[in-house]
Amino acid sequence: MDKIRIIGGGSLNGTIPISGAKNAALPLMIAALLSEEKLVLENVPRLADVALLQRILGNHGVDITVNGKRNGDDPHAGQTMEIDARVIVDTTAPYDLVSRMRASFWVVGPLLARMGEARVSLPGGCAIGTRPVDFHLDALRALGADIDIDAGYVVARAPHGLTGARIVFPKVSVGATHTAIMAAALAKGDTVIENAAREPEIVDLADCLIKMGARIEGAGTSTIEISGVPRLRGARHSVLPDRIETGTYAMATAMTGGDVTLAGARADLLESALDVLRKAGAQIDVNNEGIRVRRNGAGIFPVEVSTAPHPGFPTDLQAQLMALMTRAQGRSRITETIFENRFMHVQELARLGANIHLEGDTAIVEGSDRLKGAPVMATDLRASVSLVIAGLAAEGETMIQRVYHLDRGFERLEEKLSRCGAQIERISG
């Protein structure tokens, strides 16, 4: 099993190209199931989760062609993917594939809307909280689907098609909002989704579907209105830049006291996180090239942050911020409001010398001017990259095990960091 070895203590300086967003690419790939024509996606990141979804879509009979080669540090050099879902040969998404990634459950909406049926295994993925699929299923029921749970599979049927309806989510859910939008796009009549997620990835999905002929208004607000259409056509769409990768490298730069330009990044996608970084002492400059992050000489200031649905501070940057705050000049408080059990990185950060204690859903971080390298183990995607950030600032060697988590969400991480001066390498084993 691969490991990552880091010799910490240096600063990051240079340019890091920001990849296409995984959290946008996955629903966009799934949206191809809604059309008999080709969907061409540009700037698709090369990630384990993307490759797994290619296998899942292939299981349904979807033909996927990947073109384009990486072109140096061009921030728009992600792969181009042609997805042809003209022929659906199977509406079952099996356990052995879906159990490995929760987002793959989202195929249920498009398959049901287009084919009138779907049989999808209950999902797997990161071990952070329960993430129930109830909101997805309630939305599909509201649109007229019959839903049964049989031997670990969701069996959804709508032999006469779906019908527009009012969907009210009791709690904001990004995944369920994706499902509702895709299913409603082909439903008969009008659908109103209330308490919808407002994340940029929701907007990106809606923008792509509109290019395909969908009639959607309000994406990016809490109320989305959709007028169903009989069919969707093919389209070409570029995946938006990854705001979580952007925030991660911005925090790594602040942690090490460097000067890095995040090429291709969009500040409007993560304003809350950038505001927190400014409060922590980082200098943030936005220009035509992307976002420049600096912290030269000044200390790191403690902050108090609660995660929240967009436009609040993203839960997917909580672990990275905690790593940064281990070096702050004082006490920080970080409250997790989105997922339960998302503090599994605390114990591993403590192995590097971090002083963190938990009070319910809040982590109290006592900053220190010293971390020391040690062997640590990644527990999930975001926790693993928080250990990378801490390792970059720690004295001596940090060895991170179970780095397959990183490959799910960060493209060429070691290469991008090493080009900015980090002493980081992958050790195969």
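Heads up, the Cβ atoms here are built off N, Cα and C, so glycines get one too.
Marked as active site, proton donor by Swiss-Prot: Cys126. Under the heading phosphoenolpyruvate binding site, Swiss-Prot lists Lys22, Asn23. Summarising the annotation, Swiss-Prot assigns UDP-N-acetyl-alpha-D-glucosamine binding site to Arg102, Lys171, Val172, Ser173, Val174, Asp316, Ile338. The annotation 2-(S-cysteinyl)pyruvic acid O-phosphothioketal is assigned in Swiss-Prot to Cys126 on the grounds of sequence analysis.
A map of Swiss-Prot features onto the structure.
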residue: Lys22; record: phosphoenolpyruvate binding site; CB count, 10 Å: 25
residue: Asn23; record: phosphoenolpyruvate binding site; CB count, 10 Å: 24
residue: Arg102; record: UDP-N-acetyl-alpha-D-glucosamine binding site; CB count, 10 Å: 19
residue: Lys171; record: UDP-N-acetyl-alpha-D-glucosamine binding site; CB count, 10 Å: 9
residue: Val172; record: UDP-N-acetyl-alpha-D-glucosamine binding site; CB count, 10 Å: 18
residue: Ser173; record: UDP-N-acetyl-alpha-D-glucosamine binding site; CB count, 10 Å: 23
residue: Val174; record: UDP-N-acetyl-alpha-D-glucosamine binding site; CB count, 10 Å: 19
residue: Asp316; record: UDP-N-acetyl-alpha-D-glucosamine binding site; CB count, 10 Å: 22
residue: Ile338; record: UDP-N-acetyl-alpha-D-glucosamine binding site; CB count, 10 Å: 22
Rounded Cα separation (Å) that holds between Arg102 (UDP-N-acetyl-alpha-D-glucosamine binding site) and Asn23 (phosphoenolpyruvate binding site): 12
Cα distance (Å, whole number) from Asn23 (phosphoenolpyruvate binding site) to Val172 (UDP-N-acetyl-alpha-D-glucosamine binding site): 16
For UDP-N-acetyl-alpha-D-glucosamine: widest Cα to Cα gap among Arg102, Lys171, Val172, Ser173, Val174, Asp316, Ile338 in Å: 18
C-alpha spacing of Val174 (UDP-N-acetyl-alpha-D-glucosamine binding site) relative to Asn23 (phosphoenolpyruvate binding site), in angstrom: 10
Euclidean distance between Cα atoms of Lys22 (phosphoenolpyruvate binding site) and Lys171 (UDP-N-acetyl-alpha-D-glucosamine binding site), Å: 23
Euclidean distance between Cα atoms of Lys22 (phosphoenolpyruvate binding site) and Ser173 (UDP-N-acetyl-alpha-D-glucosamine binding site), Å: 17
